[in-house]
Amino acid sequence: MLTQRPRGMHDILPQEASLWHEIEEAARRICARYGFSEVRTPILEHTELFQRGVGENTDIVEKEMYTFNDRGGRSMTLRPEGTAGAVRAYVEHKFYGGPQPIKWFYLGPMFRYERPQAGRQRQFHQFGVEVFGVADPAVDAEVIALGLDFLEDIGLEGLRLELNSVGCPQCRPMYRERLQAYYRPLREQLCEDCRDRLERNPLRLLDCKRETCKALAERAPRIEEALCEECRAHDEGVHRHLEAAGIAYEINPRLVRGLDYYTRTAFEVVEDGIGAQGTVLGGGRYNGLVEELGGPSVPGIGFAAGLERLILALEQRRGEGTSETGVDVFGIALGDEASVELTGWLRRLRALGCRAERGFEGKSLKAQLKAADRLGARWALILGEEERRRGVVMVKDLAGGEQRELPVLEVESWWKETEHGTGR
Ligand SMILES: [Zn+2]
Ligand SMILES: [Zn+2]
C-alpha cells in the first residue's frame, strides 16, 4: 500500500506534464480573448452545497462523492464538479451587486468515486467556465464558441456540437407529464435505473445508455413541441447567434440535464474517434441555480471539459507525450575546488536565463560528457583543476565538436553573445 497510489488517482509524471501545460495554457489564452477571469475555489466544500447544487437524485450525490466528517464534526465533501463552488463564491462575495455579466473560468482537480477506466479517474481535472447575470442568447453562443475555440486550439478535430433546449419551470412540468404518460405503459421494458427515474426524474430516461431504453427514447415525445413561447424564442436566438458565428450544430432532442434549475440551452461537443463515449465538453444554462444556492434570481450558463479525456485524445493523435525541457549549458567540474567555483557561475548564468545543468559527485570527464549528451545539452563548460588555476574554462560545442578556452570572467558575456546569436 505504501508504494501504491490510491485506485483512480493518477500521478502526472514529468514526461506528461508538458501536455498538461499546453492544455492549461490554451484554456487561459482563449478565456482571455473572451474576457473570462480565473476563479479558484476550495477543493473542499460543505456537503450541503453539492446536495443542493448538483441535486439529491443524481448519481454524483447518491453514489460518487468523497464525503467525510472533519474534526469539528461537519460533513465535508471533495468537490465533484466546479459549478456549485463558483456559484457559492458568486453569492458569498455578492458579485450580483455589481455590473453583469460576471464571466469566470476555473481549472483544477475534482473527485468522484467511480469505476476507473481510460480517460476517467477518481481524481480528475476540469476546465470550466460560468457566466452569471445575463439571460441573452448571445451569451449562450459565446460560451459555446469559447468551448469550441479551446478544443480546436489544442488540436482536436472532427468536433460535433449537439444542442437542445430543456425548457423552463413554466413549460417543463407539462412535458414531464407527457413523458410519463408515454413511458408508464412501457415500464416493464425499462432498465432498473429508468424504472426508478420514471416518477422522480423522467427526463433522464431520454439519455439512458442501455439499448432497450435508447430505442424507447427514439419514439418518445420531443421537448421542442412542448416549449413555451419564451423558451422557443431563446432557442431560436441561440441558433441565429451560432449561425452568425459560423458554428454548425445538430439538434439532439435526447440531450437533457435532468435537474429543475437547468433551463433552456443544453449542449455537448462530441469528438468522433475517441471511442463510444465521445463527449469532450458539456454544459448548459442554469437560470435557477443561483437562487437554489441562496442567492438572488440570477441567470447563469456554463460548461465543463474533462482534461484527462483531452489528454487521451491528444496522445492518440500525437503519440506519447515527450518532455523537452532543454538544456543550454552543462557544467563539468573536475575536482573539488572546480566544483565549488562552478556552483558560483552556474547561478549567474541561470540568472541570465540560461538553462544550465551540471554533473555531480566528481564523476569522470567521460561520464559527465555522457550525461550532458543524454540531456541534449548544447554546450559543455569544462573546468578542470589546471584550467581553474589559469582562470579559464573549456567551452565545447556539443553539436559541432569544436572547443576553445575562455577566461572564466568572460563566461557571462559569452553566454549573452551566444544566446543572442542563436536567437533564443
Ligand atoms: Zn419555457
Ligand atoms: Zn434505462
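Yeah, the Cβs are placed from backbone N, Cα and C, and that goes for glycine too.
Database features, via TrEMBL:
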| type | residues | note |
| --- | --- | --- |
| DOMAIN | 7-314 | domain 'Aminoacyl-transfer RNA synthetases class-II family profile' |
| BINDING | GLU81, GLY82, THR83, ARG112, GLN126, GLU130, ARG257, TYR261, TYR262 | L-histidine binding site |
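Structural mapping of features recorded in TrEMBL.
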residue	record	Cβ neighbours (10 Å)
GLU81	L-histidine binding site	17
THR83	L-histidine binding site	24
GLN126	L-histidine binding site	20
ARG257	L-histidine binding site	22
TYR262	L-histidine binding site	22
Reduce the DSSP letter at TYR262 (L-histidine binding site) to three states and note it down.
coil
Express in Å, rounded to the nearest integer, the largest CA to CA distance found among the L-histidine-binding residues GLU81, GLY82, THR83, ARG112, GLN126, GLU130, ARG257, TYR261, TYR262 named in the record.
22
Could you check what DSSP calls GLN126 (L-histidine binding site) once collapsed to helix, strand or coil?
strand
Could you pull the average pLDDT for the domain 'Aminoacyl-transfer RNA synthetases class-II family profile' (7-314)?
93
